[in-house]
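Take a look at the structure set out below.
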């Protein structure tokens, strides 16, 4: 089963008429064999669709325009089977508005040493056909991925699949609608940003919506719908005594169920795949949406607290990118430190809104506890710890003259001690290369206090995502050096001046 059954990537093979019809037939046959093989055995997240071999400028331009207008096409996988003079590609690549990559491969693994002749050499020219194609892509300043190796190599298939995931995330972003309930938290800087530029650059359509309309959607939820939702909670989670039937906080859980149903209905009716809330703007809502937000994130919606629409949109993109990949993604905030020498840790959490897709526990704890912030009723929430292992924190910033994506690798651990008095979901981690350097690097780069925490995507995918949108990318990891990082930031300032 494909992770993106509604999408397809077009496999486009370049050649030219110079070699005659026999060679072009062989090119088409090899291309069909490769596409069939990759679809059957490559473990790809989306379907590859073979397009007719392109041999002249007019055909390439027509195909690129067709790709632009095809809603199911997320991008092009291009292969130069023979030499394909790259001036033929100028018009098409200039017009192309979707991601593309070069699969630098051959139909054959080994050279037939005993029988190789010039017919074979003319047919099997990826080695220099791909270089010609690569030059024109570089000359046009067109960002693109290059995957090198035989198409049956598992490494090549994995790289191709990873790139497809990024293309799917970009495709989703181009039509993403973000609903904002309330504005940004008052006086906060980093959650602000240029929504017009974001729509030009990424496609994000970010608009505010009335809390009154959301409250009306919640009020319209029926008792039968609420009871069905409670049955889901009882099947999926460990409920504390306070929220079980007859418990002292059961009423608050009923409110949380109504909020989830009403909120999801509002989002789905409007075609929104991401949203924000703000604890300062809750008029007409009985409690800060906590459980609802957690469950909606697990279903793939993007979310940002305190009006943080950039993090909400980025979370949605990373959810799409990692779909079916075995790792979760969540809204997160670096909250507090443990500075014990040699064991320095960050405790990440938020008031409520951490996605259970990252939970170590099979059945998180569902409880209702007081929340002093927001001045509303005690909210429901899921309580758990994040799975141990490597993770990445990412943040999307508006730097005034460009967007910057920062991704920081961290090692998540099982909390070294119980946290009996902390009634929220959390992640405990070692930043790389260590807390001091990793945190200093993050701060030097302007990294936000809100992040997307992910365990199902790679640094390379996030860098590719930034390249596809032609925005700045900053990587903080095991080999980060503060002096070098500051120099790279200055280079970025010069590049986007």
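The backbone N, Cα and C atoms fix where each Cβ goes, and this holds for glycine too.
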Matching residue for the Mn(2+) site, where Swiss-Prot names 306, 333, 350 - out of 450, 460, 475: 450
Sequence-distant neighbours of residue 306 (Mn(2+) binding site) in its chain (C-beta under 8 A, six or more apart): 184, 185, 188, 191, 276, 277, 278, 279, 280, 450
Candidate with sparsest Cβ neighbourhood (10 Å radius) among 350, 450, the listed binding-site residues: 350
Listed in sequence order, residues not in 306, 333, 350, 450 with Cβ within 8 Å of the centre of the Mn(2+) site Cβ atoms: 304, 305, 308, 311, 331, 332, 351, 353, 449
